[in-house]
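Undergrad: Quick paste of what TrEMBL says about this protein:
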type	residues	note
REGION	1-88	region 'Disordered'
COMPBIAS	1-10	compositional bias 'Polar residues'
COMPBIAS	16-30	compositional bias 'Acidic residues'
COMPBIAS	73-85	compositional bias 'Polar residues'
DOMAIN	84-119	domain 'FCS-type'
REPEAT	182-286	repeat 'MBT'
REPEAT	294-394	repeat 'MBT'
Amino acid sequence: QLVSTFCHKTSSLERVEEEGDDDDEDDDLDIAGGYDSFRGYNSSMGSDSSSCLDESSDDEVAGREAGELPTSPMHQPSTGQLTEDSGSEPAVCEMCGIVGTRETFFSKTKRFCSVSCSRSYSSNSKKASILARLQGKPPTKKAKVLHKAAWSAKIGAFLHSQGTGQLADGTLTGQDALVLGFDWGKYLQEHDFKAAPVSCFKHVPLFDQWDDVVKGMKVEVLNSDAVLPSRVYWIASVIQTVGYRALLRYEGFEDDASHDFWCNLGTVDIHPIGWCAINSKILVPPQTIHAKFTDWRSYLMKKLVGARTIPVDFHIKMAESMKYPFRQGMRVEVVDKNHVSRTRMAVVDTVIGGRLRLLYEDGDSDDDFWCHMWSPLIHPVGWSRRVGHNIKKT
């Protein structure tokens with residue numbers, strides 16, 4: 001754990017700098033998670049080899065012992081066409097669908113274009129087994145492989161059947177997916193408006209801690225400016241906060257705002273500093289500024305020492321604060337919007353951020369009523385009879 005609170009400095013980062021002269025470079029704690037892999041990335045740029053960017057598999061290890069490094073067609077110059085006189089048999093990656101030649105494909109079976117696709121294919125087999133256990137089915141020895149889209153659909157269907165209505169990364173599913181979003185970041189930036197801070201709303205997740213999310217805070221995020229087959233990360237600084245959204249800038253761009261991007265801090269792709277090191281993920285600078293510095297390690301050390309970041313349990317706290325007791329199909333008594341002196345029976349149709357869409361039981365499908373789950377306008381079944389309040393008969 002490199003950082004445990006919003007407001008405390010990253011003392012572990014300072015300790016790395018102080019002890020850096022006494023320890024060998026290879027033995028230092030990598031504050032830039034997987035930084036040795038990043039150095040491998042630098043050396044691989046000249047050899048068009050992608051093997052050092054992915055975790056090793058048995059086939060890759062065997063290849064290295066033989067003095068050969070597998071290459072990926074994604075990193076080799078290509079005319080985009082496979083000619084008959086090239087002498088290479090065309091092949092299609094079973095994971096990502098990229099077209100290449102068998103001689104450049106990875107593994108003995110030549111089924112995948114890279115180590116990353118090979119491992120992803122294997123990983124999805126495990127996910128299929130997990131899904132089977134969640135649904136109460138006995139796991140099989142050879143689980144059916146689910147590609148990314150199919151896996152998300154399966155998990156989404158399962159979670160929605162449990163009443164959550166969203167994937168683990170916050171992606172809405174089922175009926176909730178029909179709710180169109182609004183780009184607040186773009187709207188506020190275009191009109192130069194100031195958003196009310198999260199701390200103003202006591203009913204929302206982490207309202208009592210959001211004031212600690214400040215400008216200059218560092219996080220590890222997905223690197224969208226990388227020409228690599230696998231997911232890699234880089235460090236970004238918070239430039240501005242608007243509610244739960246933050247304007248981020250990759251480290252290395254300095255005062256250049258051309259690549260700034262808005263991101264919801266509650267998404268699963270936002271991590272505290274040190275997450276990559278702990279989880280053996282790779283930090284790679286954006287391709288746009290890759291050649292800007294020759295010693296990225298020293299640059300990151302200067303930027304990260306004394307910096308703030310989000311706590312390691314940030315997403316756990318966020319998830320816990322979003323556990324709502326209401327589920328689709330539950331019955332309640334709610335104020336009759338056409339006759340406010342009485343109540344009506346209603347059923348919970350949708351739950352979004354603690355807000356309930358209620359449908360009157362004796363009404364039609366568009367006769368709905370929205371209110372927060374803590375609203376005094378809704379009551380448990382039997383409340384009207386117990387207190388002697390008028391309720392519409394159904």
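For all residues, glycine too, the Cβ spot is worked out from N, Cα and C.
All annotation found in TrEMBL is predicted automatically rather than curated by experts.
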Undergrad: Using DSSP, how many residues of the repeat 'MBT' (182-286) fall into helix, strand and coil, respectively?
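TA: Helix, strand and coil residues of the repeat 'MBT' (182-286) number 18 helix, 28 strand, 59 coil.
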Undergrad: Let's see if you can do this one: DSSP helix, strand and coil counts over the repeat 'MBT' (294-394), in that order.
TA: 22 helix, 34 strand, 45 coil
Undergrad: The domain 'FCS-type' (84-119): mean pLDDT?
TA: 66
